[in-house]
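These come from TrEMBL:
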type    : residues                     : note
BINDING : 101, 102, 103, 104, 105, 106 : NADP(+) binding site
DOMAIN  : 2-66                         : domain 'Glutamyl-tRNA reductase N-terminal'
DOMAIN  : 91-223                       : domain 'Quinate/shikimate 5-dehydrogenase/glutamyl-tRNA reductase'
DOMAIN  : 237-341                      : domain 'Tetrapyrrole biosynthesis glutamyl-tRNA reductase dimerisation'
SITE    : 9                            : site 'Important for activity'
């Protein structure tokens, strides 16, 4: 991708349009981090820096001005929505929930479960500290800590098992699951394993067990597809904002060509202001107080700024009006001729 296509792609990524879960906030945080890390790095100059600033603005606007971030906006929330889809109506309120792993993803799963009405969640984790801290953070629900050694016994008493650990090998295989007691009929009669780990914590062989269903990150697409029509509408609204921000970025980038002229015009005006100010103050003599000298200086600056405001506006192109780049450049060349600004190059140097 090059030029406009590359810019549009970054804006879409920043806005969450290219994410598996539409509008997820994590990608915007990553774009912000790239912009932060890029400061001062060779090659990450004014153009690239401006591109990322506009992309971040687009991402913020899309999330605040559309409902794109409503519902499942992360893998963790999509996992909870998938569980709701697979359980009977209101099953989320009575189903016994087990979350294995209290890291960042597991913590979000727990928060989303509680937000959906769960009052009790069993959490299996290496240490109790994380679970205790999370319990302090959350109110209105009970978190039950269990060590990893009790994982299988707790799975026996769970209707839905979420797995989110960094384990390199599966935690659940067919032989672990086939002897677990059956799940009650009022919650569907089938034990759900929702695995959001990479690599997977639940072996594919578990799906061979009768009355057990395994879902992984790939299955989260089903959550996304469930609201396809709504998502497409949100994406269209988001694209309109992206197009607007792209126009403003293109205009800003193009207007960089006028920056040297703006500097020369300001230098020209400042040179005249200082010369005339000196003449004025010398005529007034040494009796002029510091306060009055400052008043005269401020007056001269105010006059210059007001006189320059109109010409400067015609040299700046931010995409907010119908002025084209060619018109802006025409204004630039006209000002250079009127004020003989080419001679200001030597002054600036």
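Using the three backbone atoms N, Cα and C, a Cβ is placed for every residue, glycine included.
Note that TrEMBL annotation is computational and uncurated.
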Residues that sit under 8 angstroms from residue 9 (site 'Important for activity') by C-beta distance, when 6+ apart in the chain: 1, 18
Taken over the domain 'Quinate/shikimate 5-dehydrogenase/glutamyl-tRNA reductase' (91-223), the model's mean pLDDT: 93
Residues in the domain 'Glutamyl-tRNA reductase N-terminal' (2-66) grouped by DSSP into helix, strand and remaining coil: 45 helix, 0 strand, 20 coil
Chain-mates of 101, 102, 103, 104, 105, 106 with C-beta within 8 Å of site centroid, NADP(+): 99, 107, 108, 109, 164, 165
For the domain 'Tetrapyrrole biosynthesis glutamyl-tRNA reductase dimerisation' (237-341), residues assigned helix / strand / coil by DSSP: 87 helix, 0 strand, 18 coil
Cβ neighbours of residue 101 (NADP(+) binding site) where a neighbour is any other Cβ within 10 Å: 25
Binding-site residues: 102, 105 - member with fewest neighbouring CB atoms within 10 Å: 105
The domain 'Quinate/shikimate 5-dehydrogenase/glutamyl-tRNA reductase' (91-223) - residue tally per DSSP class, helix then strand then coil: 53 helix, 29 strand, 51 coil
Binding-site residues compared (103, 106) - highest count of Cβ atoms within 10 Å: 106
CB within-chain contacts under 8 A for residue 104 (NADP(+) binding site), separation at least 6: none
